[in-house]
């Protein structure tokens, strides 16, 4: 499916669908065609997509996974203590957050990295009221180190912070897929994309959108989830302007 062309970019948030949003992307999204780490041109491209939305006047929160560097579950599966592996994964998210901060500020977007684990030399500690103030000053807030606790994914961290920051929706940017499908479109040519689906259906059908804890937290707080493709230039901005291809999960 192809997305329609975006209209002229709105100059203020009153002309967009949402005024404050949470953007969740995986660490793997920063790898580009590499097998590990950060690919600077890819990070810069994603930063540019974020800047175009920031320029619309939208207040942006962000959570980035750490799977391009280390994934806690994988470490635990190989015999590492789960708690230690999860903390290592949290540190990986801080590295990704700093990389994205550098890319955004290189484009002139003021940014704050806010860590759930104190590391004052590189990031601010998480204080909700301070983070809200950053958003009001039009700074992008990148929340790092998950929730600060093992056994919780970055999907859950994104949903938690979205609720705490009073975001109006979570935008989940995906690679290679433009929404939620009834089965894996990479393996099944007859896979069908949902335009809209409820959280209960996602859980009942075991669709791989977010982990169950994150889905329950979003559902119980009436927080919609927009799943879209990060690969489409202008896709993030287009959806906020009311266009594009995506799946909306709510209810």
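The backbone N, Cα and C atoms fix where each Cβ goes, and this holds for glycine too.
For 24, 25, 26, 27, 67, 71, 175, 181, 184, the entry in Swiss-Prot reads ATP binding site. For the recorded site, residue 24 (ATP binding site), the DSSP three-state label reads strand. The number of other Cβ atoms within 10 Å of the Cβ belonging to residue 24 (ATP binding site), over all protein chains shown, comes to 27.
Look at Swiss-Prot and you will find 32-37 tagged as region 'Involved in allosteric activation by GTP'. Sequence-remote contacts of a segment are chain residues at least 6 beyond its ends whose Cβ falls under 8 Å from one of its Cβ atoms, and for the region 'Involved in allosteric activation by GTP' (32-37) they are 68-69.
What Swiss-Prot lists as UMP binding site is 66, 86, 147, 148, 149, 150, 151, 152, 153, 154, and the listing cites sequence analysis. Secondary structure at residue 153 (UMP binding site), as computed by DSSP, is coil. For residue 153 (UMP binding site), other Cβ atoms within 10 Å of its Cβ number 19.
A distance of 7 Å separates the Cα atom of residue 26 (ATP binding site) from that of residue 66 (UMP binding site).
The average pLDDT computed over the region 'Involved in allosteric activation by GTP' (32-37) stands at 89.
If you measure from the Cα atom of residue 147 (UMP binding site) to that of residue 175 (ATP binding site), you get 24 Å. Highlighted in sequence order, 72, 89, 90, 146, 156, 157 have their Cβ within 8 Å of the centre of the Cβ atoms of 66, 86, 147, 148, 149, 150, 151, 152, 153, 154, the residues recorded for UMP, and are not part of that set. It is 175, among the binding-site residues 26, 147, 175, whose Cβ has the fewest other Cβ atoms within 10 Å in the structure shown.
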